[in-house]
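K.L.:
Submitted below is the structure of interest, expressed as structure tokens.
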Amino acid sequence: MKFAQIILPLNLQGTFTYSVPEAITDLLLPGMRVLVPFGGKKIYTGIVFRTHDEAQDAFVPKEIISMLDDSPILPQEQLEFWAWLSDYYLCNMGEIYRLAFPGSLKLESETYLKLKPNVVVDFENLDVHEMYLIQALEIRQLINLSEIEAFIPKKEIIKTINSLIDLQYIEVDEKITEKYKAKEVAYVRIKDPEAVRAQLPEILLQLKRSPKQQELFMMILQMHTENPETQIRKSHLLDDGNFAHSQLKSLVEKDLVEEYFLQVDRLESYEGETEQLEELTEEQKRARNEIVAAFEEGKNVLLHGVTSSGKTHLYLENIEETVAAGLNVLLLLPEIALTKQTAVRLEKKYGQALGFYHQKLSDFERVEVWRRIRNNEIKVLVGTRNALFLPFRNLGLIVVDEEHDTAYRPREVAPYFNARDSSLILAEFYGGRVILGSATPSVESYWLAQNDRLKLVTLSERFGKVSLPQFELIDFKEAQQRKKVSGNFSQHVLDEITENLQQKNQVMILHNRRGYANVVECETCGHVSYCSNCDVIMTYHKFSNELKCHYCGNKSSKPSNCPKCNAENLNTRGVGVEQIHEEVSRLFPDAEVDRMDVDSMRRKFAYEKLYEKIESGETDIIVGTQMISKGLDFDHIELVTIPRADHMLYVQDFRAEERAYQLITQVSGRAGRVSGEGKVLIQTYNPQHFIFQLIRENDPREIYTYLLEERKKFNYPPYTKTILIELKHRNEAKADRASQFLGSVLRKYLPPECILGPEKSPVGKINLLYQYQILIKLPRGKFYKIYKNYIKESIEEFEEITAYRSVKRYIYVDF
DNA sequence: AGCACGCCGACT
DNA sequence: GTCGGCGTGCTC
């Protein structure tokens with residue numbers, strides 16, 4: 001007898017042992033999907049992690065119902081990667097499985113059964129449930145498991161199915177692929193061009209009373225006349241909002257126009273000509289040679305290139321070389337909105353061999369990418385962090401663009417992992433190489449480069465030898481004393497904005513705080529509104545006239561009177577981006593001022609619309625949160641100002657200075673991309689602050705030296721490895737007690753200086769859950785693994801206490 | 001994670 | 001008298 005360790009899509013520790021039916025013992029391989037019963041009535045699609053012959057005595061393993069793949073859907077490298085992730089990030093493989101697979105590749109009780117063709121059923125020897133199921137299948141060809149529940153008791157379902165599969169009467173329907181239809185796109189054409197031409201006056205007369213239809217008809221006719229070969233996409237015709245669907249429908253009904261459909265690839269791959277890259281500059285050539293040399297040494301690369309230095313160009317060169325060597329490439333981007341520019345260039349190069357994978361794809365589209373990757377049809381895949389889990393073959397290169405971006409390690413989705421760090425491991429399993437690229441590398445990556453674990457390659461010139469923007473610090477306190485201030489802006493900044501507007505330049509204003517004001521306060525009694533679910537003050541959003549909680553999304557309308565003492569004089573404190581936007585609009589009444597933040601971009605296509613408005617030059621001033629620091633590469637932005645730069649430093653986070661540096665540098669990179677005369681004005685109460693001074697001097701080496709010294713001084717990463725454990729419960733005392741207990745267990749095993757807390761989290765309550773945290777700082781090197789095993793043991797000990805089982809537990813490794 | 005079982009309160 | 005709340009235990 002043979003056994004298999006199966007990964008199930010459940011948040012449970014470890015794998016589960018199943019026995020392998022004799023018929024497939026020689027066929028079953030790690031990485032294949034199998035159907036297994038679990039618990040009383042559930043059926044799951046599991047993944048074979050490994051097969052073995054170690055007999056089991058603690059329990060009787062159940063048997064695998066069926067094998068779903070002829071060959072492993074998941075390559076060995078991915079299985080090793082999952083195991084590594086689960087071990088390193090202290091999460092379960094089931095969580096990874098859930099995240100990694102598109103829904104329809106891990107069907108559960110939705111799995112369909114069918115009769116085997118040409119079977120003769122011997123009803124005499126069937127029990128009543130088996131008979132029901134066969135009869136049901138004779139009527140309907142496919143039945144899924146939850147439908148079977150209607151006529152067979154839950155506990156009997158698995159037994160019934162198993163016995164019928166054993167008797168070779170039925171089988172699991174595996175043709176998942178047949179369930180998706182090819183996507184079709186609607187096109188429009190003149191139904192009978194000859195006839196139309198002959199009878200045009202009559203037709204126009206017929207359409208006299210519907211001018212819109214006439215206009216639309218003429219437009220289609222004109223398009224046809226100009227180029228009879230072009231296909232006219234229906235959506236393009238209606239997109240600009242000039243015509244309504246009903247008008248087109250009328251034309252179709254009048255038999256003048258007809259609609260037809262063409263199948264397109266769901267992923268809308270590029271179908272045009274592919275083109276060659278432009279030549280590299282001298283500096284880029286040097287960098288390229290350094291990358292080649294590093295790869296030959298077996299080293300991965302940290303590509304530190306100032307904004308607009310042509311990092312993408314270098315990526316493309318390396319991608320091309322990798323593909324030419326017969327290997328495949330993964331290009332990771334922090335968010336899908338950034339794919340636009342990169343994608344255009346890659347499409348021209350790789351056409352159909354390019355794939356995309358990100359959160360916005362539908363399940364079918366995801367499966368399609370899976371299929372194409374498995375068939376080795378995709379040479380270059382552009383995607384967000386989940387693309388790490390695709391079943392790559394021959395992965396030769398991973399490029400992680402904007403590697404400093406925090407989108408690579410979101411705290412909100414389980415399992416927690418850092419896609420940038422993980423990509424280094426994944427590449428190792430595949431024997432591939434990695435390029436981490438950024439204009440502002442993370443302190444951690446920079447440190448790795450300093451310690452020879454990554455090869456640092458630098459691009460310090462902007463493309464076309466354009467100068468970097470000039471930084472200027474404005475002492476806001478001094479400006480206030482000299483009364484040269486209007487609201488949040490010093491006169492100097494206002495003058496600069498005015499001048500730029502006169503020269504028809506665009507201006508960007510960064511203010512990284514959502515809403516209008518942080519606090520609405522009653523002047524009489526001092527009352528402020530707290531979120532009812534969280535331990536947080538509600539932020540005032542004037543645009544929607546609401547108080548919003550930025551942690552749980554809770555909203556309430558803004559009160560006009562104090563809810564406590566009913567006084568009318570409510571005051572606001574703290575400046576948000578809405579207020580800056582309002583102020584700038586007032587100060588520059590003739591300018592077109594637009595706001596870009598998550599709140600204003602929530603509506604569909606809001607981002608695309610504003611993007612085009614800025615691109616066309618219609619917008620004069622863009623006021624926004626950190627959102628404006630990404631992806632807005634326009635030629636006419638000459639001035640960037642940060643009116644309240646100090647905000648960024650007053651965050652309780654050991655990365656606050658690093659983030660401020662990255663944000664300021666990224667946003668300043670938008671200025672003077674073509675002219676080379678960009679300017680960045682930073683208003684601050686602390687112009688002496690080291691980080692501002694360093695940013696102004698713009699010497700990266702100095703900045704990283706400073707940031708690293710600070711990290712070293714306070715024992716933060718990269719000098720230590722951190723693990724944050726959060727415990728949450730709706731009963732505060734219970735959360736407190738649980739964290740005290742876990743803390744005491746940890747202290748049993750770990751040196752006391754490694755453990756900070758337990759203590760109440762900075763935000764003590766979110767979504768009605770009270771949260772307590774323990775921060776663990778571990779030394780790097782060989783003790784790390786030992787200590788981490790102690791942590792695992794401590795958590796197991798903690799889990800044995802049944803009273804704390806309802807306490808939610810979150811672990812963030814390298815948070 | 002999901003589900004069953006079992007124990008307590010608030011309702012037709 | 002029952003319905004359903006969630007604490008507890010179990011799943012190969």
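Every residue gets a Cβ built from N, Cα and C, even glycine.
TrEMBL feature annotations, pasted as is:
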type    : residues                               : note
BINDING : A:CYS531, A:CYS534, A:CYS549, A:CYS552 : Zn(2+) 2 binding site
COILED  : A:267-297                              : coiled coil
DOMAIN  : A:292-459                              : domain 'Helicase ATP-binding'
DOMAIN  : A:493-711                              : domain 'Helicase C-terminal'
K.L.:
So what's the average pLDDT for the coiled coil (A:267-297)?
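P.N.:
Across the residues of the coiled coil (A:267-297) the model's pLDDT averages 76 on the 0 to 100 scale.
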K.L.:
At 10 angstroms around each C-beta, which of the binding-site residues A:CYS531, A:CYS534, A:CYS549, A:CYS552 has the fewest other C-beta atoms nearby?
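P.N.:
Counting other Cβ atoms within 10 Å of each of the binding-site residues A:CYS531, A:CYS534, A:CYS549, A:CYS552 gives the minimum at A:CYS552.
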K.L.:
Inside 8 A of the center formed by the CB atoms of A:CYS531, A:CYS534, A:CYS549, A:CYS552, which other residues of the chain have their CB, for the recorded Zn(2+) 2 site?
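P.N.:
Other same-chain residues with Cβ inside the cutoff are A:SER532, A:ASN533, A:VAL536, A:MET538, A:HIS550, A:TYR551, A:GLY553, A:ASN554, A:ILE766, A:ASN767.
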K.L.:
In which DSSP state, out of helix, strand and coil, do we find A:CYS549 (Zn(2+) 2 binding site)?
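P.N.:
For A:CYS549 (Zn(2+) 2 binding site) - judged by DSSP and reduced to three states - the answer is coil.
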